[in-house]
């Protein structure tokens, strides 16, 4: 941020800090607006094609960054990142939840993805800073564009869109507006907003605070977040192991993580040197790992037992919650520090997380949930909407025609018709049984 104005001078008379803040926030803003549409589209066409499209848009936006020469082009490239992320992030997480349907494999796979996301976020400042300093502004973006291209090629090899015909056998997903009004999904999906506040609000403000309060050097500012990657990975590992041993306590791991985030946020203003500030930042990232690793699989579980096992829309809702903090942070964090102070900003973020932690008690009995509707009931209520639904409906009709008349009674006085009907109902229930 300190180098950006020198290379891309703002227009005369404009506020430099506001321009940079809007530039950073534009990605999250567009991503937030597109997510309801991307989630619905993913549910209709499958996971692979939107993931590939998102990677293609990210490749285009990153390449545009490399050759941008004015603020308008930078703004367009940053906004394109939001469009690409709305498809790539949501489709990627949903694809993992779909391919790893059983626990603890699902938690382990999602935890691995979260660790990779954390590495990208925390390693980006020193990575970009070093390459910018020694190789110029274009090299960091070109390297990332190559990563996007490589990722897309790997997707084409491992999971080509439309290559398996799996989409034809997928049920129709629950509409996103129905998922939003589910109270359990609302509680889980709401957690990322307060949990993301420390990252979103500290990233644009902690550098100036460290320079003013402790005289931190440029390299110390650049490496502030990198050590926090290791406790984040530790948090993912610990949560996966605990979830495998005590799966009924997922809500507690999330609440504990939010309490750790809140306490660590409050400790940041008390630090007086670089070594001290690393400790609460590590605590924040450790707590984030607990929250994400515990609650992301819980979203998939809730969809499995309360709706239809298609995950695009539910993870789009979670991504909306993620983006709220990042849409506000770059714009309002500096104003809060200027008007109220850095300590008050951290206390507010800590209080938000501590207050949200007890809300997760609402999820205490989620692990005991059973499917509320059989597959046949869902089809009868909503009618066939695709090939999968039609085939299932025809199967039910065929089984119904084979039933004997109710008048034929067995020796126990129970009609074979009713016995056969009971067998059909048991099969219906087993179709949606969750292991």
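Glycine is no exception: its Cβ is also placed from the backbone N, Cα and C atoms.
Cross-referencing 223-245, 384-406, 407-429 with TrEMBL places the feature transmembrane segment at 223-245. Looking at 20-37, 74-91, the stretch flagged in TrEMBL as transmembrane segment turns out to be 20-37.
Touching of the transmembrane segment (109-127) and the transmembrane segment (314-333) is ruled out by the presence of fewer than three CB pairs under 8 A, sequence neighbours closer than 6 excluded. The transmembrane segment (314-333) is in contact with the transmembrane segment (20-37), judged by 3+ CB-CB distances under 8 Å for residue pairs 6 or more apart in sequence. Panel annotation: around the transmembrane segment (49-68), residues 8, 38, 41-42, 74, 76-78, 80-81, 83-92, 95, 137-138, 141-142, 144-145, 148-149, 151-152, 155-156, 161-162, 312 of the same chain, lying at least six beyond its termini, place a Cβ under 8 Å from a Cβ of the stretch. Mean pLDDT of the predicted structure over the domain 'Major facilitator superfamily (MFS) profile' (1-435): 81. Of the candidate ranges 139-159, 223-245, 277-302, 277-302 has the most C-beta pairs within less than 8 angstroms of the transmembrane segment (251-270).
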